[in-house]
Amino acid sequence: MRFVVRLFPEISIKSAPVRKRWTKMLTDNLRLMAKRIHPTARVNKEWDRIEVTAKVDDPVVEGQLIDMLARTPGIANFSHVQTHPFESLHDIYELVQASWGDQLKGKTFCVRVKRTGNHDFTSTEVERYVGGGLNQNNPTGGVKLKDPDVSIGLEVKDDQVYLVTKKYQGLGGFPMGTQESVLSLISGGYDSTVASFQMIKRGLRTHYCFFNLGGREHELAVKEIAFFLWNRFGSTHRVRFISVPFEGVVGEILQKVGPSNMGVVLKRMMLRAGERIAERGGIEAMVTGEAVAQVSSQTIPNLSVIDSVTDMMVLRPLIVMDKRDIIDISRKIGAEEFSAAVPEYCGVISVKPSAKVNRAKLEAEEEKFDFSILEHALENAVVQSIDEVMDDAQELAEVELVSELPVSAKVIDIRHHTEQELRPLTVEGREVLEIPFYQLSTAYAELDKAVNYYLFCDKGVMSGLHARHLLDAGYTNVGVYRP
């Protein structure tokens, strides 16, 4: 199988050295991910495109490669193509007729051709010859150059013709690793999740900083989201997850700060802490999911007061986006179910928030704050590599792990529905239930308590985490299946 990948247009207009460097980065990223899918996968770079091939005829591998290409930053679009040698225009027509003739009945169509190499014909001549032949020899609805029912794409390159069987939309953006690193202050809600995704899409290596206000379960939920974003969109580059215990900071704010200023002061404390953590990691910018006037702490006056505590750049990719559009992006990238289950803790300390705080009064209240508590939180911050972020042996110690299923046990595939569709799980002689992780806690209550269920995911990380959740909830009939 063969795919032709087109660069995101903003890459194509860069200077020759930059374009060459960024195209190489995208090629390296694709090569790394393609090899994970199949050992025969090859990625070859050319000036205006990248070709991905695999010496295997397997629809599962094909689906995995399509999914990988669709979620890789830096790609405008990509096409599944078939290559054939040719000697004449009529050879090209016959190839197209064999592939497309049966699909044109009663439909309008057009033929689009790109050509490179030395030939005695032009791209337009190929379009006319092939299009005319198709129209004469098939019961079509006629040629229509604008908005046809079927658009047939082909590329003539030297002595080969590339027939496009299907075209796919890419993610856009810049290749991961072409830009600098940023630190995303992630809470797990829609806003910070989508903001993190937008930075990854733009090619920035995005590290995660989580201020824990809600205890262990909140932290594990946010780790799931960060791991999902990294694993799906940025796994070619390692990043870190930093968890900062912020309960003490919140407690101090509740005691020392008036109700109208609490939300803004909390954000100021987060930026102070985030700046310190970023500097430790050599990171030059922080990222937040704030949008103008979405809540009272996010008005222009209040954002100005919040930003005044740091000299570091604070990036806000969602600053003028509507909440509906943010949720739509979350849904599109597969993160909506994660964020919908994460409680928003920042708002609980703002009883009567002010949309325009008095800076002098706020700073006077902040002077009462015991900053040793903030220092203590920073000293106790936990730094983990993102690929190990949920692989905590102590937390998973009580979970039964099996490679062979006990008699009468059933398997629950808890992977995201897109992964279930791409790589269906089959276990000979056993029933496999497909219950995505975000539905598991609700669905598990309805299952037969006399049956033992073993959770499955690709790496055993998510399954171990959710098995632990169920054990904590009082269920004893749960384990992890690692074949």
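Cβ from N, Cα, C; glycine included.
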Joining LEU185, ILE186, GLY289, GLN298 at the ATP site recorded in Swiss-Prot, out of LYS157, LYS256, LYS267, is LYS267
Which residue counts does DSSP give the domain 'THUMP' (63-167) for helix, strand and coil? 38 helix, 38 strand, 29 coil
Hey, what's the Cβ neighbour count for LEU185 (ATP binding site) at 10 Å? 25
Measuring Cα to Cα, how far is ILE186 (ATP binding site) from CYS457 (disulfide bond) in Å? 24
Taking ILE186, CYS457 as the recorded positions to compare, which has the smallest set of other Cβ atoms within 10 Å? CYS457
Measuring Cα to Cα, how many angstrom lie between CYS457 (disulfide bond) and GLN298 (ATP binding site)? 39
